[in-house]
Amino acid sequence: MKDADDSEEVKEEQAKGTKKGRKSSEPAATENDDDKPTKNKFAGILSKFERSKKARELEKTRESTKDEDSTEPTTAEPVIAQGLEPLPQPEAAPEQDEMPTYSSLPPWLANPLRASAQERRKFADLGIDSSLLRVLEDNGYREAFAVQSTVIPLLLQGPTNHPGDLCISAATGSGKTLSYVLPLVTALKPLPAPRLRGLIVVPTRELVKQAREACELCAAGSGLRVASAVGNVAIKDEQRESLPGYVHRSEPNVDILICTPGRLVDHLRYTKGFTLKNLEWLVIDEADRLLNESFQEWVDVVMTSLDARKAPDAFGFSGNFLSGLGLPIQSKEPRKVVLSATMTRDVTKLNSLRLANPKLVVIGSDAAATEDESGGVAPSDEQFTLPPTLEEHTVSVGDGSQKPLYLLRLLLSHIKLETKILVFTKSSESASRLARLLALLEPSLSDRIGTIIKSNKSSASRKTLTAYRRGKISVIIATDRASRGLDLRSLTHVVNYDVPASITTYVHRVGRTARAGQKGSAWTLVAHREGKWFASQIAKGSDGKITRSTKVGKVQFKLDNMKEVKARYASALDLLEKEVKTGGTKASKPSAQ
């Protein structure tokens, strides 16, 4: 019973506590309801404060990050592999054509002695011996050309003598041969026993013949002996002529020798007693070709032979005596005269000749030829001068397929066959084919055409030249073999059927005419593909290389009125093809239609 009463008391107390709790919770709820308006009133201010606080903290964080970045090394971002792309380039600056105001050439090459091509003087005013003057007058020489008027006083003894070697640049046909032959003959006094004292080296047999004729003319009556040496004569025959005692007693028999470089080397190597120990004059004509081509290394052989003159044995007892005393042997170097229409200014090539106190003489070029208007020095190391009486023309031949017809039209309508004509081709085969083709196209020309080609024997070339001089033929078709040393008097026209391969070749080709002050014309057949090169390099004279008196003219004509000739041209080509296949047998000449 007691336990039951206790449990009831506990329940009552719990119930009372529950009631008290409810009563106490009601006033609390009332207080919270009173605080709500106050909190809402300051919520905006608090939110602004919180945002401002966060912004300040964020700014501090950023500043601390910057400080860390400045103290710590930066880490490169990883490079992503991509394809190659061109880098952007700035625009190229415009190029300016600047000419150097200085020359790398030695002074004697950079500042030559220049003379006008129009200069003329009487031979009597040049200091030539009276005996030589009579010889010249008897042969019709009374007035000296520009190169002779300038060079002869420099080589002869006198107030204007140049004590050294000479290099001479003058146009072909300007009289260079006589300009060195006259002083050479004057300087070499006759001796009781002939000695080789004058040596003239030229590249071709035609030039050997021309120089020998000039030497024999000037040496007439002087007692000087003149000989020549070329490759078409057996060396034993020349040995008997120049050294009659070749086997038992070797002694020279000539005072002046004109030779080609190859034959000179043969004599120096294989002819006993043939030496240059007494040489006083060494003349090198057409020097550009002789120095550009080796010709059995002739320069080295000649210089070695000249060095042998300084050996004690060359002076006999006196030489050995001086050598024993330790005294040097003095040997005077021969005077060297170097000539060319296209004189090289290559210092290396000229140095191989061991020139002493050299002077360059340029004929036919104005003083300002190597300078432009701004005062710069022209970059060209070569200067070419054409004869002042030469007229130049170009003939357009289209694509070149009918070039023989253009040549025929030029010969018949513009040049006339009564004049003398020299036609240049690029090869011997081309020259032979062209001569045959012209004969087939115009049968009347067959007896008036001759050829000078490399395959010709010397006798055949001589026959052609003899027929030309006698007037039997008026047209010669030749290769560049005839561009040097061939002196065809009264030649009025040169035709370049094939465009020359270089400026030098062109200068030597057209130099066959307008010689010795006579008038002459040069014609060049130019196809479309060749026009640009010819115009820039030759007609306009690239870099001022060519000095000419008149501009190159242009000639154009059509083949409209040549229907019959065109028909013969087609049949002639067929016939020419058959002749080539059958071994070149000449068919009968076709009759004119």
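The first residue you see is number 1, and the count goes up from there.
Even glycines carry a Cβ here, placed using N, Cα and C.
Note that the structure is a prediction, hence the values are computed from the model and not measured.
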The annotated motif 'DEAD box' range in Swiss-Prot, which must be one of 189-192, 285-288, 369-372, 381-384: 285-288
Of 121-149, 295-323, 411-439, 469-497, the range Swiss-Prot labels motif 'Q motif': 121-149
Helix, strand and coil totals (DSSP H, G, I; E, B; other) for the compositional bias 'Basic and acidic residues' (48-68): 21 helix, 0 strand, 0 coil
